[in-house]
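Swiss-Prot annotations:
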type: BINDING; residues: Gly30, Ala31, Asn32, Gly33, Gln34, Gly35, Lys36, Thr37; note: ATP binding site
Amino acid sequence: MHLNAIAISAFRNIDHVEISFDRRFNVLHGANGQGKTSVLEAIYLLGTMKSFRMAKAHDLIAWNAPHSLVRGDIDKAGVRREIALYLGREGRKARIDRKPVTKLADFFGAVNAVVFSPEEIGMARGGPELRRRYLDRAIFNGDLGYLLLHHEYHRLLKQRNALLRRGERDGLEVWTIQLAEAGARLMVKRRAYLSQIEPLVRQFYRDIAGAGQEVGLAYRCHGLASAEGERDCAAALRELMAAHEAEELRRGATGVGPHRDDVDFILNGRVIRHHGSQGEQRSFVLAVKMAEIEYLERLNGAPPVLLLDDISSELDPERNANLMTFLRGKRMQVFITTTDVSTLRLEGIDTHASFRVSRGTVTPV
């Protein structure tokens with residue numbers, strides 16, 4: 001899959017730009033706050049309708065503009081398509097080949113994009129919400145059903161929490177059963193994904209840091225470590241919610257379930273966020289992202305688009321070189337933002353396009 005061109009209008013600090021891209025490497029450079037990340041954000045929207053920066057849709061619309069427009073010309077398996085996304089104050093509308101999209105399934109997956117940002121560099125040492133967010137994004141890229149299930153789980157969670165806040169025991173069991181069943185399906189999918197990428201993470205970590213390191217991933221869910229399969233997980237989750245019901249009524253919120261789970265990154269038998277050096281943590285995250293790319297390529301038969309948001313400033317020269325060596329061996333299209341082109345390792349890359357970004361304008365150089 002390749003993004004041939006994009007048009008962006010009234011989006012953050014971008015008034016209007018039209019950009020034609022290289023099929024391999026595209027470098028957007030300029031000072032901070034000029035619009036580099038906004039271009040990556042617009043690309044990501046074409047595949048997900050959401051910002052990877054956790055912004056609300058109305059926050060993406062330029063000041064005093066009625067709506068934003070992002071339009072992409074893509075080439076997927078030899079078929080060219082036009083994807084357009086309108087962001088209005090009242091919601092979003094999508095079109096494919098100028099026809100309205102009525103089902104989300106028709107839109108999602110048209111652009112598979114993997115983001116590697118400074119936020120994700122921090123997930124090895126940060127809080128569990130960073131690792132959950134990474135995990136959910138990674139699974140959704142290869143499984144549209146996961147996104148729908150994720151939405152359903154959080155809808156049920158919201159309903160159950162509303163009952164807990166009101167202190168209503170009547171009807172709580174019905175929501176508990178439904179939430180436990182949806183939560184069990186999420187947990188099984190998360191565990192399956194981690195088991196599939198773990199050998200890849202192990203391989204890439206050794207490529208980066210050398211042999212002799214034992215690498216692992218462990219899904220951590222409070223009180224459910226031994227439950228296997230959807231049925232067992234759902235039953236265990238129901239029992240756990242029942243056991244915590246009095247406490248949850250006091251707090252007005254559901255305290256157990258996938259929305260509270262975590263992933264342990266393990267190096268030589270120790271959780272890396274507690275015991276790993278900064279270099280080990282960054283190597284681990286780099287290996288996890290490489291594994292995600294490799295997994296999606298095997299699953300879909302083609303690599304995703306990769307969005308590297310100012311990663312060169314977060315990695316030392318050796319890890320930058322390892323990442324670029326990996327990317328040179330892939331057939332994927334890569335978009336890189338940076339404030340300093342000299343930090344990039346572009347040696348051996350036969351073709352790339354470079355763009356200067358300043359005050360919301362994008363100029364080929």
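Cβ coordinates are placed from backbone N, Cα and C, and glycine is handled just like the others.
Small disclaimer: the values here were computed from a predicted structure and weren't measured.
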Can you give me the residues near the recorded ATP site, meaning same chain, not Gly30, Ala31, Asn32, Gly33, Gln34, Gly35, Lys36, Thr37 themselves, Cβ no more than 8 Å from the center of the site's Cβ atoms?
Thr337, Thr339, Val357, Ser358
Whose Cβ, among the binding-site residues Gly30, Gly33, Gly35, has more other Cβ atoms within 10 Å than any of the rest?
Gly35
Counting every protein chain present, what is the number of Cβ atoms, excluding its own, within 10 Å of the Cβ of Thr37 (ATP binding site)?
21
Just to be sure I understand the packing, how many Cβ atoms besides its own are within 10 Å of the Cβ of Ala31 (ATP binding site)?
10
